[in-house]
Amino acid sequence: MSIETLVQQANQASTPFNKASFDQVVMSTYGRFPIALEKGDGCLLWDTEGKQYLDFVAGIATCTLGHAHPALIEAVTQQIQKIHHISNLYYIPEQGELARWLVDNSCADRVFFCNSGAEANEAAIKLARKYAHTVLDIDKPIILTANASFHGRTLATITATGQPKYQTNFYPLVPGFDYVPYNDIDAVEAAIGELDEGDYGVAAILLEPLQGEGGVRPGDIKYFQKLRSICDETGILLIFDEVQVGMGRSGKLWGYEYLGVEPDIFTSAKGLGGGIPIGAMMAKKFCDIFEPGEHASTFGGNPFACAVALAVCHTLEKDNIIQNVHYRGQQLRSGLQAIAAKYGDRIAEVRGWGLINGMELQPDIELTAIDLVKAAMNEGLLLVPAGTKVVRFVPPLIVTEAQINRALEIIEQVIATI
Ligand SMILES: *Cc1c(COP(=O)(O)O)cnc(C)c1O
């Protein structure tokens, strides 16, 4: 059967969706919105009833190139016919090519591939611990992270995540983490002083350049520059979680470019494969200290995921997409700011970088982010909350001027009437 026929069949198939049957057999780990999506094209999505939506969620800041992008279709179909998985027992040419692109386009010298953001952070945590034991000579290493951060859902990464709501029912957590307020240099200095005692010592500081899930909070440039010099003086590793903000979403390829500092280790996932699962942990040469057998992933960096991620990287470059992120981001932010000025009784603040933006609702009103997200969904605009009071705007990076204007129209109408 030809690929054209397969694509035609996929577009024709409209399966009736049975929510009750779904809920019977799928664990209820997610609070799902009551629509089922079955088709996408660019920044548009369709549900099983045929209703169209403008997608400002992008699979949670993941579908960099939107849906059904020709470059993705080509990479997927070509690679699956050639070779898709062989394990890391053998050399994988596509993995080398992707690592080369990442090294050429970042401050990193070495890359480890896995399948998700949490796994990339796990790899960074393990690397930092080995570095503490073998280089810094710390017996009981501590990794400092920030309040309101988000680093994933595995045991180590919910421990790293400075939000008690993700930890409550899962004690005992992983030892070796402590928390500081974000963007507060005095707090970090105090914590380092207090924690360096006996066998204990701070081995690494793990932070998002912009806190995504925790409320779209950009990092403060002076704070990060001071942190960099503290780390340079003490040997503490500076680790950035770029899982959400990296790969062009910020209007620069990496969020750290906004802060004028380079991390020693950083992680990527969400946008890297444009929606095909892949994660990466990247490091400078001096912390490339893993030896064969010390860390691994069966799927990590397989030919399929790497070929698709390479197509994402090449398309970002070829189509000047990061420039689009910059201009569309400005357009979106100034539009949201105008709405915020008009409805100051409801909206407290608009903030963000590039195409990761948050609109914070006034704290003293009943209206929550989820109310607004539901109302916008009814009007055909998909949005996602970042905490209880912040609505997050993370469209595909290929979003057009007209689509931003349409989203602004809908959001203004929703805010005016809610
Ligand atoms: C989403 C996210 C993660 C977790 O990624 P998964 O792929 O869901 O494991 C980690 N860190 C940040 C900053 C994220 O936004």
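The chain as shown is numbered from 1 upward.
Just so it is clear, glycine is given a Cβ too, placed from its N, Cα and C backbone atoms.
What TrEMBL lists as pyridoxal 5'-phosphate binding site is G117, A118, F150, D241, E242, V243, Q244, T298. The annotation N(2)-acetyl-L-ornithine binding site is assigned in TrEMBL to R153, S297. For K270, the entry in TrEMBL reads N6-(pyridoxal phosphate)lysine.
Feature annotations (TrEMBL) mapped to structure.
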residue	record	DSSP (3 states)
G117	pyridoxal 5'-phosphate binding site	helix
F150	pyridoxal 5'-phosphate binding site	coil
D241	pyridoxal 5'-phosphate binding site	strand
K270	N6-(pyridoxal phosphate)lysine	helix
S297	N(2)-acetyl-L-ornithine binding site	coil
Other C-beta atoms that fall within 10 angstroms of the C-beta of F150 (pyridoxal 5'-phosphate binding site):
27
Between V243 (pyridoxal 5'-phosphate binding site) and the residue listed as 'N6-(pyridoxal phosphate)lysine', how far is it from one CA atom to the other, in Å?
6
Among the binding-site residues G117, F150, E242, Q244, S297, T298, which ones place their C-alpha within 10 angstroms of the C-alpha of the residue listed as 'N6-(pyridoxal phosphate)lysine'?
G117, E242, Q244
So which of A118, E242, Q244, S297, T298, listed as binding-site residues, have a Cβ under 6 Å from an atom of ligand 1?
A118, Q244
Rounded distance in angstrom between the Cα atoms of D241 (pyridoxal 5'-phosphate binding site) and R153 (N(2)-acetyl-L-ornithine binding site):
14
Just to verify a number: CA distance, S297 (N(2)-acetyl-L-ornithine binding site) to Q244 (pyridoxal 5'-phosphate binding site), in angstrom, no decimals.
21
Tell me which of the binding-site residues A118, V243 sits in the most Cβ-dense spot, judged by other Cβ atoms within 10 Å.
V243
